[in-house]
Each structure stands twice: as C-alpha cells, then as structure tokens.
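S.K.: Straight out of TrEMBL:
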- 1-103: domain 'NADH:ubiquinone oxidoreductase chain 4 N-terminal' (DOMAIN)
- 21-44: transmembrane segment (TRANSMEM)
- 56-75: transmembrane segment (TRANSMEM)
- 82-104: transmembrane segment (TRANSMEM)
- 108-390: domain 'NADH:quinone oxidoreductase/Mrp antiporter transmembrane' (DOMAIN)
- 110-131: transmembrane segment (TRANSMEM)
- 143-162: transmembrane segment (TRANSMEM)
- 182-204: transmembrane segment (TRANSMEM)
- 247-266: transmembrane segment (TRANSMEM)
- 273-295: transmembrane segment (TRANSMEM)
- 301-322: transmembrane segment (TRANSMEM)
- 343-361: transmembrane segment (TRANSMEM)
- 373-401: transmembrane segment (TRANSMEM)
- 422-448: transmembrane segment (TRANSMEM)
Amino acid sequence: MLKFFMMMLFMIPLCFKKNMFWLVQMIMMLMFFMFMNLTLNIMNFSNLSYMLGCDMISYGLILLSIWISFLMIMASESLFKVNFYSSFFLFNILMLLIMLYLTFSVLNLFMFYLFFEGSLIPTLMLIIGWGYQPERIQAGMYLLFYTLFVSLPLLLGIFYIYNKLSYMTIYFLKFYDLDMFMLYLSMILAFLVKMPMYFVHLWLPKAHVEAPISGSMILAAIMLKLGGYGLLRVLIILQKINLKMGFIWIIISLIGGFYISLKCFCQIDMKSLIAYSSVAHMSIVIGGIMTMNYWGFMGAYVLMIGHGLCSSGMFCLSNIMYERVNSRSLFLNKGLMNFMPSMSLWWFLFLSSNMAAPPSLNLMGEISLINSLISWSWLTMLMLMMISFFSAGYSLYLYSMTQHGKFNSSMYSFYSGLSREYLMLFLHWLPLNIMIMKIDYSMIWFYLNNLNKMLICGIKNMN
C-alpha cells in the first residue's frame, strides 16, 4: 500500500512543471489500473504495511477516489486553457487524493481521524480558490463549521477507546462491544454530518452551488462516502447500543429523505437540485447502515459507489451546460435537445441511473437497502415508497425542464459537445452500469467478515 502513496508523493513535482496537465491525469489512470490489479483477500485486511492495509471496503472506495480524481482533471480543462493557477490546482487535487487514500487505508483510528479531517482542507481550497461567486466564502465557512463542530467529540471518543482498550487498530475493534451512550454519540455524529443526515445537511447544497466542477465532483463522489465508511468501521464496537438507539437515526433519515425529495421540485438551480438528490439517496444509506443487518451493510456499500459515479456524472453534465449557457438556472436552460441531441441521451442515461433503473449499481444498492429496512420494520415501507417514487419524479422533472420546452432566444452562440466531454461522461457511466456484472465481490465480503466475527464470539462464549 505504501508504494501507491509514494507514487502520489513523487507526482507532486510534476504538477509544477510546464505542460504537465494531461501527463498527471494519465499517471493517475495508470495508478488506477495498477491498484485494480492488487491481490486482495476478501475475508481480512491484506497488503499490510506498518499502518496501512486494504480490505474490501477500502479497496472499492480507494478505486473510486483515484477514478474521480482522474476525471476531475478531465472536467477542468477550462482552467488549463486560461491557465488559471492550473499547476496549483493539480497540486491541490493530488493532496486531496493522498488524504483520501490514507483515510481509506489506515488501520489506526487516530490516523483515520487525522486524514478524515485533513481531507477538508484541500476541498476548502478548491471551493474558495476556484469557485464562481463571492458567496463561496460563506459556503466554505458552512462546510468548515458543520464538520469541525462534531469532530472534537470524535477525537475525544477515539482517545477514550484507546484509554479503555489500550489500542486503536480498526481490525481488533471487533473483539469488544462498548455499551456507552455518550461514546456512541461522540463517535457517530461526525459521520452523520459528513453523510449528511437530514437536519445537518445545509452545508452540502451550499458547498455544491459555490464549488467549481472539480469541487462538486469530489464532494458528491467521495466526501459523502467518508461518512458511510466511518460508520461501517465504527459501528463494530458500538453494536449493543446501536441496536437500542439506531431507530432514531432511521426515522430522521427516512422522513428527512422524503422531505428533501419534495424540496428537489422547488429548486431552480441545476446543481442545487442534484445536491439535494444526493442528500435523499444518502438518507437511505444511513437507514440501511443503522439497521445493522447484512443487506443494509451491503446495500450501503454498493449504493455509495454507484451514487459516487452517478452524482459526479450529473454534476459534469450541469457544468457542460453552464459552460455554454453561462447559467445553471432551469428557466434559462430549456430546449437543449434542439442544440445537443446526443447530450440529451447522456442526461437521460444518468438521470435513469439516478432513479435506480437497471442495470445501474444504484438499483442493486437500493434493492438491498429496501430489503434491509423493510425486514427491520414494515412501517418503513411507506417512506421508502415515497422516496423511490419522488426520486424518479425529480429526475424526470430535471430532464424535462432542461431538454424540452422552447429554447432561450438569447443563446446566439452555442457550440456542440466535445469528444473530451463525451469521453468523460462515458467513463462515469461505464463502471456504473458494468460493475453490476461483478456484484458478487461487493456483496460477499461482509458476509465472510461477519462469519469470522460470529466464530470469534462463539469461541469467546465457549471460554
């Protein structure tokens, strides 16, 4: 695992050389394929070094991080064209990728906390440095304060665990089960804000609207997944208390998800609508994780990866329109099917994946999550029905508002889609729909891990 870290580290000088914009991108793609061919043990952590390791959850999310970073550079060609601090931009993306890579691969809880919070700094730099409007400062403050407000309790919780158990290795947490309410709250809130859960979600639409395309892509694709990853890791040590308290988060998430789905119909900004749809999807993920059953964990993992690709692709599409119309308003972006019929196809493909149509990963994830929530309580069926119905509703609403209707007569200069843009969309869409062929890898790891844990618990009880 350290070899990839060193590879990223040695890419930093390349960022500041002249005309290296596309070379850095190509090296990232090379790194993606190298990482993809890593030998993996489905049951346990493998590729261990002193403090880094990789199991199935880390593997999928690190691959997603490298892939999205590669696509972020491809989407930000306009920065390179006008040379708007493009070398520092590359450096920023590389630092963010290093932080994310380390967050997903460290085995120590404290190190995880360090990089989990550290990934906030390059994101903030992206929003404040390359954002469009003056409000980006306020969006940066929202992002910072929402996240930092709950991060100190997480740090104290980690120190308490270290004081109690004398170690912080993630893998060994499964030998203990701490039934403490304050510890539970302090450990879990930071991840719920990052997801984000309804009530603490306000920073997300704000950050998305103000961020440049690369900032939106990384926020939607990876930053929200940090919360889910943290929950999957930490709940192992908080099982007993979560079985008692989990219903609170499930109720908030499902009712909030339904309300947010309705709120999507009130949005007039394309980016804002896509950001709110992310909150609605993540609310089902929180519900699935909190049910603490096999289908919930599986569905959360699959939907996190599926949503990362789908949401990032939709932000790319909105940026492609913004570069041509110079507005993200749904009132001005009308009748775009007349100008770019082939781009309408991409809009349809991504929006159909967003409403969990086959054969996308979103479908597999949502089926698993619906399965887990209904097996937890049949009353959740009502809210799930509403969320699923309205997710199709706002996806079709966005499609019909942008593609149909009478186009704006002020669009006197307009150019068609570029091959770079079509390639970028294709590279989002292909893994999103092809990976369902290999869904067994995503669905089996937790079962084997759980089997391992049950055996350990059985042996402990026998003793």
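Quick reminder: no glycine exception, Cβ is built from N, Cα and C everywhere.
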S.K.: Is it true that the transmembrane segment (373-401) and the transmembrane segment (273-295) have 3 or more Cβ pairs under 8 Å, skipping pairs fewer than 6 apart in sequence?
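M.R.: Between the transmembrane segment (273-295) and the transmembrane segment (373-401), which are separate recorded stretches, there is contact, as judged by 3 or more close Cβ pairs.
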S.K.: Any contact between the transmembrane segment (301-322) and the transmembrane segment (343-361)? By contact I mean 3+ C-beta pairs closer than 8 Å, pairs at least 6 apart along the chain.
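M.R.: By the criterion, they touch.
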S.K.: Across the domain 'NADH:ubiquinone oxidoreductase chain 4 N-terminal' (1-103), what is the average pLDDT of the model, as a whole number?
M.R.: 92
S.K.: Which residues, given as numbers and ranges, are at least 6 beyond the ends of the transmembrane segment (343-361) yet have a Cβ under 8 Å from it?
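M.R.: 277, 302-303, 305-306, 309-311, 313-314, 317, 320, 336-337, 388, 391-392, 395-396, 398-399, 402-403, 417, 422, 425, 428-429, 432-433, 435-436, 439.
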S.K.: Could you give me three numbers for the domain 'NADH:ubiquinone oxidoreductase chain 4 N-terminal' (1-103), the DSSP helix, strand and coil residue counts?
M.R.: 72 helix, 3 strand, 28 coil
